[in-house]
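Student: So Swiss-Prot says this about it:
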- 5-25: transmembrane segment (TRANSMEM)
- 63-83: transmembrane segment (TRANSMEM)
- 131-151: transmembrane segment (TRANSMEM)
- 173-193: transmembrane segment (TRANSMEM)
- 254-274: transmembrane segment (TRANSMEM)
- 282-302: transmembrane segment (TRANSMEM)
- 327-347: transmembrane segment (TRANSMEM)
- 356-376: transmembrane segment (TRANSMEM)
- 379-399: transmembrane segment (TRANSMEM)
- 416-436: transmembrane segment (TRANSMEM)
- 483-503: transmembrane segment (TRANSMEM)
- 525-545: transmembrane segment (TRANSMEM)
Amino acid sequence: MAAQGFLLLASYLLVLLVLARPLGTCLARMMNDIPLPGLAGVERVLWRVAGIRAEEMGWLQYLLAILLFNALGGLALFALLMLQGVLPFNPQHLPGLSWDLALNTAVSFVSNTNWQAYAGESTMSYLSQMVGLTVQNFLSAATGIAVVFALTRAFARQKMSALGNAWVDLTRITLWLLLPLSLLVALFFIQQGVPQNLLAYQPFTTLEGAHQLLPMGPVASQEAIKLLGTNGGGFFNANSAHPFENPTALTNLVQMLAIFLIPAALCFAFGEVVSDRRQGRAILWAMTLIFILCVAVVMWAETRGNPHLLTLGADSSLNMEGKESRFGILASSLFAVITTAASCGAVNAMHDSFTALGGMVPMWLMQIGEVVFGGVGSGLYGMLLFVMLAVFIAGLMVGRTPEYLGKKIDVREMKMIALAILVTPTLVLLGTALAMMTDAGRAGMFNPGPHGFSEVLYAVTSAANNNGSAFAGLGAATPFWNLLLAFCMLVGRFAVIIPVMAIAGSLVAKKIQPASPGTLATHDALFIGLLIGTVLLVGALTFIPALALGPLAEHFSLL
């Protein structure tokens, strides 16, 4: 089993890196404001039709454009969900959503979280899925990538105020990156058996003689961007465990590759844009090493089985509860780590059925800020915050002014870094405390003891860090949970973007200092170790007490 796990992980990473490298070069051209070959004329027509002036923006103007863009998208999606019952492409005549569920869902998809307090096949019309949720999957992904474009330019430029044009970046990312990749992946899914139609649900009779409805819909098109944009919201309630979303072992592999493809490519693009490819590789190494460690722990925990059953003498050498037999325990464990490392939230197994330690690792990956590959864009700008924090810590130890890529990290930057890093832990810990203190919060707990607490902690962690996966034993389809998690998703997304853009605005105006003999190397093994240590230290200090009350207490109670 260990050899199989090693081969699965090694082959996955090899294929990922082979695909990500050329895509990184393409992304670097976009960051450098170079139109892709043959598309410059098309872009000029688009700017004219849309009334876009392709002039570069300062950080505040860029930020306001991003915020306005997402606010309008959220309002449009909220209205669509409320009016769903009177709109077309609704063959099952599904009613509009309640205001609190519509608000939760709109915030969820605008913030790239895709938390779902509903079952898609019994709640959403085809119009809501296509025009509402799928469109926001593209736009929320483009938002995250646009923000990291601006931050990367801030490191590459000097003595300037401009960071690019938000409308140009959003358009290019959507039309020339996300749409082509999604089309290719969707066509592959259709070939593998994923539905793509507008038919009404099909009645059929089971082998036992029972009558059921077979859900249909435009699944493949939504499935592709759900993964490539690290969105994660499933067309069906079972998400990628459903055979219509993820029918074969081959689609499962492609789904895992799609989740990490753009985050990995952005690391390569970062190195090219700042004219030092070693910097991008160092960040990628740090992410990969943490990822490998987490995969090993989850595979080990799940292949050991349930400790309580083992002590009773039952045959429980593998924990297959909540997993699809067509994927097996290793691929399910790998998928769980990928989806929580990458802020995706799609699942091909039920995380609530993992062992205590096996479920703790995905939770912890979210709690450290979704910086191990992370969401498209958000993962890299989140890791760059930790890079600057690590540089600052190293500067304190040797008594030198901290610098990264020739840019001095001053008091202003450190305040913004601290604010951005502390936003999500504050939301997670206070949100969990509020849920545990109130009757409305505890009413959603279907399990007592440490596991019930873990379900609450996981839900708030997932929302605040814009992941969207869940320990499904929590009844979150209530006004209390809809509003609490909507607040966490909204603040967890945009209260991080705001300081990141402020940092970009400060850095782009600074001069790039030439390297001196005393300059800290930020591309070697020593710095990679320092960066990993910084990420682990912040995660450990912040969440170990909460984890001790949940998954750790559950694990030791079973021994």
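Residue numbering: from 1, along the chain as shown.
Placement of Cβ uses the backbone N, Cα and C atoms for every residue, glycine included.
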Student: Among 63-83, 282-302, 416-436, 483-503, which stretch has the most Cβ pairs under 8 Å to the transmembrane segment (525-545)?
Tutor: 282-302
Student: Tally Cβ pairs under 8 Å between the transmembrane segment (327-347) and each listed stretch (254-274, 416-436, 483-503), then give the stretch with the top tally.
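Tutor: Result: 254-274.
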Student: For the transmembrane segment (282-302), which stretch among 63-83, 254-274, 416-436, 483-503 has the most Cβ pairs under 8 A?
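Tutor: Ranked by Cβ pairs under 8 Å, first place goes to 254-274.
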Student: Which residues, given as numbers and ranges, are at least 6 beyond the ends of the transmembrane segment (416-436) yet have a Cβ under 8 Å from it?
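Tutor: Counting only partners 6 or more residues beyond its ends, the transmembrane segment (416-436) has Cβ contacts under 8 Å with 367, 369, 382, 385-386, 388-389, 392, 442, 444, 453, 456-457, 460-461, 463-465, 481, 484, 488, 491-492, 495-496, 499-500, 502-503, 506, 538, 542-543, 546.
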